[in-house]
Amino acid sequence: MAAAMDWLPWSLLLFSLMCDTGAFYVPGVAPINFHQNDPVEIKAVKLTSSRTQLPYEYYSLPFCQPSKITYKAENLGEVLRGDRIVNTPFQVLMNSEKKCEVLCGQSNKPVTLTVEQSRLVAERISEDYYVHLIADNLPVATRLELYSNRDGDDKKKEKDVQFEHGYRLGFTDVNKIYLHNHLSFILYYHREDLEEDREHTYRVVRFEVIPQSVRLEDLKADEKSSCTLPEGTNSSPQEIDPTKENQLYFTYSVHWEESDIKWASRWDTYLTMSDVQIHWFSIINSVVVVFFLSGILSMIIIRTLRKDIANYNKEDDIEDTMEESGWKLVHGDVFRPPQYPMILSSLLGSGIQLFCMILIVIFVAMLGMLSPSSRGALMTTACFLFMFMGVFGGFSAGRLYRTLKGHRWKKGAFCTATLYPGVVFGICFVLNCFIWGKHSSGAVPFPTMVALLCMWFGISLPLVYLGYYFGFRKQPYDNPVRTNQIPRQIPEQRWYMNRFVGILMAGILPFGAMFIELFFIFSAIWENQFYYLFGFLFLVFIILVVSCSQISIVMVYFQLCAEDYRWWWRNFLVSGGSAFYVLVYAIFYFVNKLDIVEFIPSLLYFGYTALMVLSFWLLTGTIGFYAAYMFVRKIYAAVKID
């Protein structure tokens, strides 16, 4: 065991280094080749804000519209994310420059925003909304800053550039609100190798925008929809007065630049993080610390157990041994079925379902099959996998329920299929009603909700029943000792054996292993960032499984040594103790990182956080429970019982 613990951290470290070599490569999407002057379609995705957490579709604001609005057919994941991809009137041609062009309106007739439209635009700007566009499925990014470099190395300068996703709708200054009504698009292309008798082809490899606010009086437009921007700082920004009508032009320009970025690396701009070094060192530190502590805990348990088992198996000292306190004294009660075995087995079945789903999703994403360029693929895959993993959840729940002397398998199967999913659906439905009330694109449409219910009752529930049926018919787990008819009296327990104290103690190590990844995941969810470090996430998931298992074994061992055989529910709750720290961290993140002040955004945050904490508790509790159950069966099978 000690030898195994010696090489395990190094092998995992090597594995994580291997994952880094392809961490930012995004396969799975075929490139599109453009010829000179081919149209490059600019589409809008949505409007987002980290302050409100309510996405809106692009045309919820009075932007210029094309002659025919066409929405893209979306998958389940895109709908759940609030994406509403739609065409826009921007006319962009491959490698064709445009200095300035009026998007809608005429030289003598600018766009007029009504009082209601002006109020809505001003409200969205004050709520710090971002606009998200895509060109050739590549999201638009805004260049934030360029650090100076004394050596003048352009490549090094390029690495120091920071980007944010989308562009700001506008800005406020001295209680006045200004709209970004001119967009300077900068598109980078990579020239493909020229074949014989064929013209050059190009691929879009980066999409940037420089948003500007230009006052109506400073723009000069002609009858051909061309315009002239003021030079330098001679212009004033376009103010939006929410109390009256506002007139303005929506304009844009297009600039093309050749780039040596290859198509396979074009997502690096969005996936590279500025603090990646901190991320690396934190992950490595977590690996070393967690496995070092896990090794120590394992050695303590193994050495203590060897001594206990050796003493218990000495026939000469058997009477002295039985007079001592220890885990062997509760051998006749340790496998006594707990209260509410149906609920316990149902929760553990849902935990198995979650475990299988998360493991497969992370592994497939680590291989690059669920790239950000395939919008909504991650969430769609997770939903369908959870449905189909119901057969494994039902099987494990059915077998455990029979082991716990349960008899009503049909009711147990229904409980497994509906308890956790029902809570999730109920919370999501209530939150969705509030989102509907705000007319947000984040609200799940009624047909999609019906489709989800059909998937639940048409796929998940039958599969859970099928798995439960076979699990209940299978031979129950073989417990190595018989259960006494009369329960043993439990002595008074010390304060540190309290259930809540156990939750606090058991949750520290697993939470410490995943703390850094949790920060990046929260940033991706609540601050509209991309997350693609699934190599790291897979490593952290393995660490989480190992640490939860080892901590669970330690906790159940000390509980049995205290002659308390009621370990079933307690171990399930204590093993999920890291979920308590996730909740505490979520509150800390809300207070210190987010600028949410309104009721509905706060309700959404804590509603979805509650679902996350519940799911994480089920996951870690299930991992710890089965590790402890295997451990208990193993140690009682190793001693002689008279």
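Positions of Cβ are set from backbone N, Cα and C atoms, glycine also.
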Topological domain name match (Swiss-Prot): ASN498 vs CYS561, membrane: yes
Candidates 347-367, 502-522, 571-591; stretch with most C-beta pairs under 8 Å toward the transmembrane segment (282-302): 502-522
Per Cβ pairs under 8 Å, the stretch of 347-367, 417-437, 571-591, 599-619 packing most closely against the transmembrane segment (377-397): 347-367
Same-chain residues near the topological domain 'Cytoplasmic' (398-416), Cβ under 8 Å, at least 6 residues beyond its ends: 337-338, 341-346, 348-350, 464-465, 467-474, 476-477, 479
Within-chain partners of the topological domain 'Cytoplasmic' (471-501) [C-beta distance under 8 Å, separation at least 6 from its ends]: 329-336, 394-403, 409, 412, 558-559, 562-566, 570, 573-574, 629, 633, 636-637, 641
Leading stretch by Cβ pairs under 8 Å, where the reference is the transmembrane segment (417-437) and the options are 347-367, 502-522, 599-619: 599-619
Counts by DSSP class (helix H/G/I, strand E/B, coil) across the topological domain 'Extracellular' (438-449): 4 helix, 0 strand, 8 coil
